[in-house]
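Here is what Swiss-Prot records for this protein:
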type	residues	note
TOPO_DOM	1-36	topological domain 'Extracellular'
MOD_RES	M1	N-acetylmethionine
CARBOHYD	N2	N-linked glycosylation site
CARBOHYD	N15	N-linked glycosylation site
TOPO_DOM	62-73	topological domain 'Cytoplasmic'
TOPO_DOM	97-110	topological domain 'Extracellular'
DISULFID	C110-C187	disulfide bond
TOPO_DOM	134-152	topological domain 'Cytoplasmic'
TOPO_DOM	174-202	topological domain 'Extracellular'
BINDING	E201, Q279	Zn(2+) binding site
TOPO_DOM	225-252	topological domain 'Cytoplasmic'
TOPO_DOM	275-286	topological domain 'Extracellular'
MOD_RES	K296	N6-(retinylidene)lysine
TOPO_DOM	309-348	topological domain 'Cytoplasmic'
MOD_RES	S334	phosphoserine
MOD_RES	S338	phosphoserine
MOD_RES	S343	phosphoserine
Amino acid sequence: MNGTEGPDFYIPMSNQTGVVRSPFEYPQYYLAEPWQFSMLAAYMFLLIVLGFPINFLTLYVTVQHKKLRTPLNYILLNLAVADLFMVLGGFTTTLYTSLHGYFVFGPTGCNVEGFFATLGGEIALWSLVVLAIERYVVVCKPMSNFRFGENHAIMGVAFTWIMALACAAPPLVGWSRYIPEGMQCSCGIDYYTLKPEVNNESFVIYMFVVHFTIPLIIIFFCYGQLVFTVKEAAAQQQESATTQKAEKEVTRMVIIMVIAFLICWVPYASVAFYIFTHQGSNFGPIFMTIPAFFAKSSSIYNPVIYIMMNKQFRNCMLTTICCGKNPLGDDEASATASKTETSQVAPA
């Protein structure tokens, strides 16, 4: 084995030289230079400074403006809540541990940080699944009289939390475990060992199949069907031009969210899968650190995409920030063009 396994950790370095120490008790400066840990801390500080205000503002603006409280927006708000969980429950911890060069909060703190990171990522993924299904039902109309309403949105939000907890909670109760990864300053699922005492192998397989592969299959199926339907509707002019434009805008926004999710999380999932399927292989701490920390940037992109691509929300946000007056002066003019209330468009 090219790593050193302890009771609650796995360090990607052989202890033949005797320098390896517990990541819960000693700085890990033998894995990387101190300045590299400082860079991680600076990166986490940036994510906190950007991630907290923009996600909190997304929630606050929606509460302030009744016209934004549409069923589809419930799912988008769920993404903001998940991102805030990641920022407050995970990023603050990782910032502090990176400044110290090791996971100072011990195994319990590792469980907390790993839980929030996994929970936030999974809520985001399953929210995208719900959005994909919503787009499929609204645009493709497999059920002609179905309308995506408030109750459906609430059930969708509940579903995302149930599925996310089904992935993030088991390591806390003995099925797999959370351990420090990469440079040992952040925690995640143990992909590094089989650890039969906690049935680690079965959990990792379960996680990759149920909580990564299946959601992606659903997403790609829904959007594959959606592309064909939109092209066919455009060719036959089955919808009004205004309705088609609104549907396309919302669909485009959600697809970009999916692409951004894949860009952030597929590198991490790919590296984790490689490590799991190549037990004992030789890899350095940076190999997992870069994709793990890059995935954390997902807490920023969803609200940014939403603000950039939804003119109605953008105007409401400016109105809130500017104490009730939109400096651009086109709050109502843009309301029709980019409403995310397209979930309520009646079937043609």
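Just so it is clear, glycine is given a Cβ too, placed from its N, Cα and C backbone atoms.
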Would you count the other CB atoms within 10 A of the CB of C110 (disulfide bond), including those on all shown protein chains?
26
Among the recorded positions listed here (N2, N15, E201, Q279, K296), which has the Cα closest to the Cα of C110 (disulfide bond)?
K296
Does anything in the same chain, at least 6 positions from N15 (N-linked glycosylation site), have a Cβ under 8 Å from its Cβ, and if so what?
T4
Quick one: Cα separation, C187 (disulfide bond) versus the residue listed as 'N6-(retinylidene)lysine', in Å?
12
Are there residues at least 6 beyond the ends of the topological domain 'Extracellular' (174-202) whose Cβ is under 8 Å from a Cβ of it, and what are they?
3, 5, 8-12, 23-24, 28, 31-32, 36-37, 40, 90, 94, 97-98, 101-103, 110-111, 113-115, 117-118, 272-273, 275-276, 279, 285-290, 292-293
Does DSSP put C187 (disulfide bond) in a helix, in a strand, or in coil?
strand
DSSP-derived structure type at C110 (disulfide bond), helix or strand or else coil:
helix
Restricting the comparison to the recorded positions E201, Q279, K296, which residue's C-alpha is spatially nearest the C-alpha of N2 (N-linked glycosylation site)?
Q279
Which residue counts does DSSP give the topological domain 'Extracellular' (275-286) for helix, strand and coil?
5 helix, 0 strand, 7 coil
Mean of the pLDDT scores, which run from 0 to 100, over the topological domain 'Extracellular' (275-286):
86
